[in-house]
Amino acid sequence: MNNSLPEGLAAKFAEAKVRLHEKERKSKQHIERANLRDEVQFKATHGLLVVFFLWIIALHAIGLFLFTRGFLLTRLVLEQQSQCEISSIGGVVNSMTDLTLRRKHGCWHPKTFDKAVIVVIDALRFDFTVPYEARDNASEPHYFHNAFTVLSEVAASEPNNAILFPFIADPPTTTLQRLKGLTTGTLPTFIDAGSNFAGSEIDEDNLIAQLRRQGKRIAFLGDDTWVALFGKHFEQNLTHPYDSLNVWDLHTVDNGVNEHIFPLLEQKESKKWDVLIGHYLGVDHAGHRYGPDHPAMSNKLKQMDGVVRNLIEAIDSKTLLIVMGDHGMDPKGDHGGESQGEIEAALWMYSKKGIFGKYPGRAASVANPRPVAQIDIVPTLALLLGVPIPYNNLGAPIAEAFVGPDSDNWENLVQVNRITGAQIRRYQQAYAVARKEEVDGDSIASTYWIRGESKYNTLLAGGVPHADAEHWSSIFHDFSAFQEENLRVCRNLWARFDLVSMSAGCLVLAGSIAILAVYARGISGGRVEITGLFLQCIGIGMSVGALTAYVTGFVVSTKLSRTNTALLGTALGSMAGFACALVYIKWRLLPLWPTSVWGALAALFTVSHALLFASNSFTIWEDIVLNFFLATFGIGALVHSQRQSDLTARALGAYHSLVFLILVRVASLSKLCREEQMPYCVSTFYASATTSVSAPYSLSLLLLMAIALPSVIKSFYKGTKSYEGPASFWIGFSFRIGLVLNAVYWIMDAADNGEWLSIDERLLKATKMFVSQLILAMGFVVGQVGFAWAQVCLGIELSSKQGKKAPLEQNPTSKKISSDSGGSVVLLGYSNLHGTRFLLLVITWALPLILLQKPLGGISMGILLWQILNVLEIIDCNELNDSAIGPVVLGLLGNAHFFSTGHQATLPSIQWETAFIPFTTIVYPWSPLLIILNSVGPQILTALSVPLIALWKKQPKQCGMLSCVMVCIATFILYHTVVATSAAACAGWLRRHLMLHKIFSPRFMLGGVVLLVVDIVVSLVSLGALRWNFMAVAEVFGYQY
């Protein structure tokens, strides 16, 4: 039987089949074109939003730059150099023979020594060198007591041969700035602390250059910072520098110095040098790594004691031996600030000649010595070695080195003080010319100088026939008073502020607050469609502002430089453009005051935090205040949750509010007290208040966190049936393995510190480094690439008509798609598709950020991640996605955990050793970047989480999500902008406060750094990841934003 169709029917069937295929092809092409159009439109929209927030970053950068230029002033460096042939008190050498003789016997004053051995023991605190005396029967000596006894022993037994002083440093007490002060005799400015990492050659007159200029041969051993500053002045074959910034290494530098210093003191080798400098680092590194009260510190001090005893035996009578600390350290072993322990180093001078006496009018006492300023070592060494005093020096000669062994050589004391005073006066006059202002004028200092000179000239002219000690003493006190008063004047001079620049910076920052407030809370409807209009007006305003400022710089004389005027004009012009754009959407403008209780609470938190900085007491206790704010939010959320009509929402809201409150309390237990909080605060971040070693129990907590935290995160995914797709591998395997490796790293670090294991130290360090680099690669490389290509956290479950009840009917977190056959396809995790995928980014960043904290800081970061998830659930249960409270609470969390991770708004609390977690030495730019990630890691993690406020538990087809994300981001940045602006304004207003550089300046600098980092993370990382997130969801459900 023939089953083929008739020929005509077959042709029609084939034609219909072709038409159907063509229709399907066109339909497919239409869908592809629509998807491509939607994709291009989304990318363009997303790009405009990124550009808008880049403009916000530019405003903040300009505002902070202008304020900083006026607030953190730098000292003007003069290029003049002192010369041997031109004395500070007059007289010029006219022949080379006379110049040669002067250099041989002393340029401005007869020299006392031919050679000098200068030993710098980094962080040698004064109390390390004096005998311990128990104040009561209960007190016991610390490890740093009675270990370095040679200095006090010799000073007590041979007072004419040795003197020991408290050596007072000018803050900031960082090594680089102290070396500059010890060689130039100048005062640092506060902003100099920021250049502690990278030293560059000193471009002003200094003691090392003067020694070299007078033909002295300088040998150097130790800290390589000296080579960066003075390398060209050292004898190349007698220079042996060592890496100085690896604070984990206690022995390499010290052993290297010992290897070379004693051979150089032998008779044959000693002819090759005139000045020998050795810089030991072991004491400083022991302080950073363990703290001063640790056996490692005792061992280091005992080693230095032996070194100095050997040096005493090795030198001859023509050689001056100096042992000094460049700064001290605080109770934890850190430095950089201005606490008593940080600024009080030790200075010990020794000579076999027996030249030292006592300060006039003061009884000699080793137990109660006279403190001397570190800058005083510069003229003292210059005069003792017969070289000119550096031109910029402000220090005074140390009287004990010139008054003679019988303490009666008043004439010599007057001569050296007159020479030094004349050089200071010459520097004053040159500085006044360079700054085009009067530095001295009719000041008290001038009165002292004129009176002293008059008495001196009268005495030399024979006006005082029988000059005795009283007359010389009177002249000495006049010259000494001149130097002290001049130093006070110079301190005030370099504490001047450029109020115009500071005001301009505050104006730009305040303008950015207004813009963010309007963009975040003052416009109804979406933000996506109006951002293009804003950018057009901003661009026009920016061009007009820049051009106007450029022309104004030539026509009108302003106190700002042309560059700063152009920056200000550009910022103001762009802000004016934004204001003009509001005219086109004026019907959409809303009042800025809060319209709900939660909005009012968010505003109250923000304003209250900003007002803290008007008081030094509130600034000091900022950590306590922030925890109070967070507890207030938790209690408010608990109460508000009970008003929900839905029983599930009520229960979830109460549960997460209680957990949030508990975690706030637990996180607050981790604290590092600042000096001003004592004795009302007890540090718990380290094993004790006098060490920087983590407590052993924190290592156990790291292992517990590795087990528990992934399970906690998993429970939040399970709540919306989202533990599907990449989530199980990402959280259950990768994140858990990373946390285990983090615990392993810190256990190995503790084993290295405590010498628990007998394995080779180099092998242990190499293993530590490999583990840390592996964790960082997992988070910052593999994790970021994986996130970009990851699928959504979506699962599929099939059910037949005869099967059990569909999951949709049991839990409304999924989506059921019915089929004609009566079965269904259930999409698990549909209701939280955006949120669960974006959270993978936060988890990816959390892993390396946890590694870069100390052990207890890592626990705090884990708690922070848990609290972020609590906040997301609280916001969802109480339907607060559109409120400002969510972003503000995230901002408060970031700042609160800054303190619970062992930080304070002080220089000494910076955890510099973080730079060496993955490296053995400083590696640019990664090492400074690692310190930033350590310092503001909590703020970074909360900045990454901001989009989740809008995305958490939102279905992929919901409209307006992108605009809601922009509102959250703008609100979050607004909070940080208000805080940073207030910190800057209060620092400027309180610029004459005694605690300016101890409290207000560091808090302003922290606020500025946090603001810029948060801006960059939110605008580039979070917004950039948002693009990948929407595109991944669009592959399944199409574009809807």
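Just so it is clear, glycine is given a Cβ too, placed from its N, Cα and C backbone atoms.
So that you can see what the record holds, here are the features copied from TrEMBL:
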TRANSMEM  47-67  transmembrane segment
TRANSMEM  532-553  transmembrane segment
TRANSMEM  565-585  transmembrane segment
TRANSMEM  597-618  transmembrane segment
TRANSMEM  652-670  transmembrane segment
TRANSMEM  697-717  transmembrane segment
TRANSMEM  729-748  transmembrane segment
TRANSMEM  770-796  transmembrane segment
TRANSMEM  838-856  transmembrane segment
TRANSMEM  929-952  transmembrane segment
TRANSMEM  964-990  transmembrane segment
TRANSMEM  1002-1026  transmembrane segment
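Between the transmembrane segment (697-717) and the transmembrane segment (652-670) there are fewer than 3 Cβ pairs closer than 8 Å, counting only residues 6 or more apart in sequence, so the two stretches are not in contact. Same-chain neighbours of the transmembrane segment (1002-1026): 46, 49-50, 53-54, 56-57, 60-61, 64, 68, 71, 613, 619, 622, 787, 838, 841, 894-895, 898, 905-907, 932, 935-936, 939-940, 943-944, 946-947, 962, 965, 969, 972-973, 976-977, 979-980, 982-984, 986-987, counting only residues six or more beyond its ends whose CB sits under 8 Å from a CB of the stretch.
With pairs at least 6 apart in sequence, the transmembrane segment (652-670) and the transmembrane segment (47-67) have fewer than 3 Cβ pairs within the 8 Å limit; the two do not touch. Here the listed stretches are 565-585, 597-618, 652-670, 770-796, 964-990, and the one with the most C-beta pairs under 8 angstroms to the transmembrane segment (729-748) is 770-796.
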